[in-house]
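So that you can see what the record holds, here are the features copied from TrEMBL:
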TRANSMEM  B:20-38  transmembrane segment
DOMAIN    B:53-251  domain 'MacB-like periplasmic core'
TRANSMEM  B:287-316  transmembrane segment
DOMAIN    B:295-407  domain 'ABC3 transporter permease C-terminal'
TRANSMEM  B:337-365  transmembrane segment
TRANSMEM  B:377-397  transmembrane segment
Amino acid sequence: MLKMTHLSKVYRTEVVETYALRDFNIDVKEGEFVAVTGPSGSGKTTFLTIAGLLETFTGGEYHLDGVEVSHLNDNARSKIRNEKIGFIFQAFNLIPDLNVFDNVEVPLRYRGMKSAERKKRIMESLERVGLASRAKHYPAELSGGQQQRVAIARALAGSPRLLLADEPTGNLDTQMARSVLELLEEIHREGATIVMVTHDPELAARAQRNVHVIDGQVVDLAEDPRFHAHVAQVAEATHGR
Amino acid sequence: MQIKPILSALRQHKAGTVLIAMQIALTLAIVCNALFIIQQRLAHLSEPSGIDETHLFVVENQWVGKPSPDQLDAQIRADLSALRQLSSVQDASVSNSYPLHGGGWDDGLKLKPDQANATTEAAIYFADEHMLATLGLKLIAGRNFRADEIGHMGIRDALAPPVIVITKALAEKLFPSVDGHANAALGKTVYLMSNRTTIIGIVDQLQSQSVARWAADFAHRSVLVPLRLVSPQGTYYLIQAKPGQLDAAMHAAEPTLLAQSRKRVISDKDGLLSFAEVRAHAYDSDYGMAVLMGIVCVVLLAITAAGIVGLTSFWVGQRRRQIGVRRALGATRRDILSYFMTENLLISSGGALLGVLLAVTMNLWLVIRFEMQHLSLLYVFIGVAILLLLGQCAVLAPAMRAAQVSPVEATRTV
Ligand SMILES: Nc1ncnc2c1ncn2[C@@H]1O[C@H](COP(=O)(O)OP(=O)(O)O)[C@@H](O)[C@H]1O
Ligand SMILES: [Mg+2]
């Protein structure tokens, strides 16, 4: 489904070159549920934005659903984002000017779907996240957990094959986080491929597979000394409290 | 398309939307009326006078002392003969006034002597047998005056010419003919101030002395009477220079007249006027009004365009994140561009709708207050088209900037 080989991403400013990703290799199979963990600044978000075709990369190869994406133009990339990928962001990213119904409708309109079909899908996915009764509400009138569930409904409405979530529970309390995760697991059981970036080891543990990123690289946890250093650091920090 | 969600999103930005729509409405109302006024003024000042103006000029001559009518008439005839002999002059004639002059005589014409009200007013021009040639008038029926028909008349004498030449417009007013031929008037008898006279010739066109509103009713109804006016004031020599020799003729005219007699005054200021100057002066208020209205339009449109650019730029800045989100959810650059273009079109259309009502109201007020004419719908349409187009042009640059917002913008944490 998603295969990156020797992929690199460099951010250049006038003074520095930052390697956000270097020699990054990952292969996510169709139907997998992968959790991506790693310290802050290690390149998790960068990986996800490239995976979701929100950004281009500097070197290497990226095959999405068997297609090498570096040659696609902006319109083709928009079309893939619209049809194959669902996004869930840490900051929910609902459009504040639109009510819940209209928010979920956004990707469907860009797909050029007929009105009746749109309405059916919107109500289905809102029911799924338990918010059908809030269709006329504006994002500001909802709690964080509800907003994130609307965002999930928006990602689901287009029936994407790949769901990309960047710390989807980062802004939620534990209980809401759990309900969001249950929703993702349910979606996964129905066949979607899910890649979720998370800080939370408890959530990561519930995924089928964990991928750890350090300094822009995927590392094998058992062998990499940097991982042990990281664990020690976290342990120290926890003790320190 | 995406009209419904754009409208509902606009409801969250009422202040800006209403403000810019009102600005568009007000601009539209003023621009429609201003364009209409411009068109009317331009139509007014492009009305043809019917005379050959290019090489024509006028000398206003005032007499000094107290010459007798016969002396004056002899002097005028001598002046004319001297002017006609100038090598730069084609022909010359004399009258009490001329088209676009601003003032002159007008009188009522009747078909019967005992008629209570005149059939029409008409401008009265004194003329001799050279007048048609001097002004370049086109005789379309009948004949010109003969030299032996030209008499002279003092300012207090009764105006009683035995024969007259009239314009086609006047002929059609006096004797409307079924087939539109002015010839019906030829040879007919009419009454000029109760004095019987016969129409012997018809000229195609000759505008009246004033382009002001009071003369609008008889704008092209003119009468030529075969008389020289002998009066201390108001002797106007009309001189047609030979092609390309207007300057030479204008330079020669005054010395020639002074050589005939020094008992006259030709004012330095406006004693000698080319017809181009006459025309410019006659229409300077129309021209000034048209220019003023043009400036008002341009300034208002510029302000409105700036308002649209400003508001849209502000909105694009404010919505960067949601633009990124839309891109992430599959919007193409075109979708984003069209979002802002459509949004502007909706606001502008709302403003235009309001503006049409406002334009009509404003026009009604002008009609009542300033006797303006009713606004033609054409100008409302032109105004609407201009404002919608202006809106789309103004919104283009900010909308293109919006389309360049990257989808990564969605992932930037606040
Ligand atoms: N737009 C950018 N410009 C420059 N550097 C960036 C940009 N985005 C991310 N980076 C850098 O790339 C590295 C990886 O960032 P990121 O992918 O956001 O990490 P994570 O999501 O794991 O916290 C960091 O060092 C970050 O500073
Ligand atoms: Mg991140």
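The backbone N, Cα and C atoms fix where each Cβ goes, and this holds for glycine too.
The model shown is predicted, which means the values in this text are computed figures rather than measured ones.
For the domain 'ABC3 transporter permease C-terminal' (B:295-407), the DSSP-based tally of helix, strand and coil residues reads 99 helix, 0 strand, 14 coil.
Long-range contacts of the transmembrane segment (B:377-397) within its own chain (CB-CB distance under 8 A, at least 6 residues past either end) are made by residues 24, 27-28, 31-33, 35-36, 39, 301, 304-306, 308-309, 312, 340-341, 343-345, 347-349, 351-352, 355-356, 359-360. Per-residue confidence over the domain 'MacB-like periplasmic core' (B:53-251) averages 91 (mean pLDDT, predicted model).
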